[in-house]
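According to TrEMBL:
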type	residues	note
DOMAIN	2-277	domain 'K+ potassium transporter integral membrane'
TRANSMEM	27-46	transmembrane segment
TRANSMEM	52-74	transmembrane segment
TRANSMEM	104-127	transmembrane segment
TRANSMEM	152-172	transmembrane segment
TRANSMEM	184-203	transmembrane segment
TRANSMEM	209-227	transmembrane segment
TRANSMEM	239-258	transmembrane segment
DOMAIN	289-556	domain 'K+ potassium transporter C-terminal'
Amino acid sequence: MIHWNPHVYKALSPYYMFKFLKKTKKGGWMSLGGILLCITGSEAMFADLGHFSYAAIQTAFTFLVYPALILAYMGQAAYLSQHHHTSYHISFYVSVPESVRWPVLVIAILASVVGSQAIISGTFSIINQSQSLSCFPRVKVIHTSDKIHGQIYIPEINWVLMILCITVTIGFRDTKHMGNASGLAVMTVMLVTTCLMSLVIILCWNKPPAVALSFLLFFGSIELLYFSASLTKFTEGAWLPILLALFLMTIMFVWHYATIKKYEFDLHNKVSLEWLLALGPSLGVARVPGIGLVFTDLTSGIPANFSRFVTNLPAYHRILVFVCVKSVPVPFVPPAERYLVGRVGPAAHRSYRCIVRYGYRDVHQDIDSFETELVARLADFIRYDWHRSQHTSPYAEDDASHSNESSSERRLAVIGTVTFSGTPGYGIEESVEPASVSIGFSTVESVTDMIEMQAVGAGAVERRVRFAIDDDDSESDGQTKMYVQLEEELRDLMTAQEAGTAFILGHTHVEAKQGSSILKRLAINFGYNFLRRNCRGPDVALKVPPISLLEVGMVYVV
């Protein structure tokens, strides 16, 4: 700058921008697409929000990135002001002094690596959020941090990005076309972000619509000017991001539409509890020895795949457990808070519901450990439920359903591993500790009443009720009868465990209903089913040994 043109700092004034556009008119407007490339790399650092804090990015951009960009472009402008007659030979590296040209080249290569890493991290975050919203096929997500939820790695997406990069490089073979594609993609992101930000101002910040409209007009008009200039390069490479966006949006729309229709089908076709309780020898349905674990996404009601199972094979296990495995957005779920257990029907029916919660850093248990742990938690719940039915607690609601009541589903209780003087003990806490993961997650949205159970002993919260099984407690006939029934239910559970456990999973196939349009039939019958067959299956299905697995076929017509 000092050598070629010390007065180049005046270019910071917007006056020259207006003067340039006024003088060049259409040519100046079309050149905005090239000017846009000056900022297409700087915005990549904002994709690192999953890895760095807001303050860190703001500080780095304000005190390092922005000054470096301004100085670099002012240096090039100073050089061009004296060598504009040979502009067709001018590039960034020609304007760099020869003594530092190679170090600048190394820094540029490292900068491209950092920028690509930011884009990759941003892609991982978007795919993960889309998957959580049922808008993208299931992929393997590896969380690399125990503390920060956003630090993830998705191997399949990483491979796809690598293949796309190689394909684009070989296909274009021209940095100009790649620059046009990058410029339109970045400008579209900025324009969409501005539109969404105006909604945030109204819906989240509760500001007047006039404020949002002013924001949209000010920033949107500038971005729309650059966006329209980028569209002029559509045939020169800018078509690529539009094509990729349409392809990905089609995949997301098809997956989301079919997934929502499947879930609505399950909700509308789930079986009533009265139907389950009516099954018996009078209808030709037998109870066979063993434990049947019916896996479902529903947290209430009887899934339709179980009714299909009983209809085709009129027998089910003596102990029946409806298992719902959920992931919650915390690193680890303490073992004492992992299992939510409740009854389905009266105690004599031997049916239960269990919601199993895992954090994103929890290691899923193998099937043998999971089965043993689940049976132990069921035994703990049985002891707790029988004692609750006979010993009403001042902290339990008076209208709570007892074990011998019928029809309605029991409330779920968090069952933990506790011991008290050699026998199982339980604490019903009046208040839940803030660290508990049982409040505020969607896994228990349908549960109207829930009891938190914590270990009894040192460090426990004050005001609790403790109880344990003891032969000396049977002082009345009612207590003796209760104790006999308790022992009988526990004996049935242990006998069923010795007989073996079957894992019942639904194997679904989705079809478009008759009369649907050709486009819908192609999207559902071929597109969605192709994605479902080739995406990652549920974790539980990957761990169950084939000898213990029963898959129930279900055809969903949407």
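Even glycines carry a Cβ here, placed using N, Cα and C.
The shown structure was predicted, so the numbers you read here are calculated from the model rather than taken from an experiment.
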Handout entry: Contact ranking winner - 52-74, 104-127, 184-203 against the transmembrane segment (152-172), Cβ under 8 Å
Key = 104-127
Exercise for the section: Using a Cβ cut-off of under 8 Å, list the residues of the same chain at least 6 residues beyond the transmembrane segment (27-46) that approach it. Expected result: 20-21, 57, 60-61, 65-66, 69, 73, 111, 114-115, 118-119, 122, 179-180, 182-183, 186-187, 189-190, 225-226, 228-230, 232-233
Exercise for the section: Would you confirm whether the transmembrane segment (209-227) and the transmembrane segment (184-203) meet the contact rule of 3 or more C-beta pairs below 8 angstroms, pairs 6 or more apart in sequence? Expected result: yes
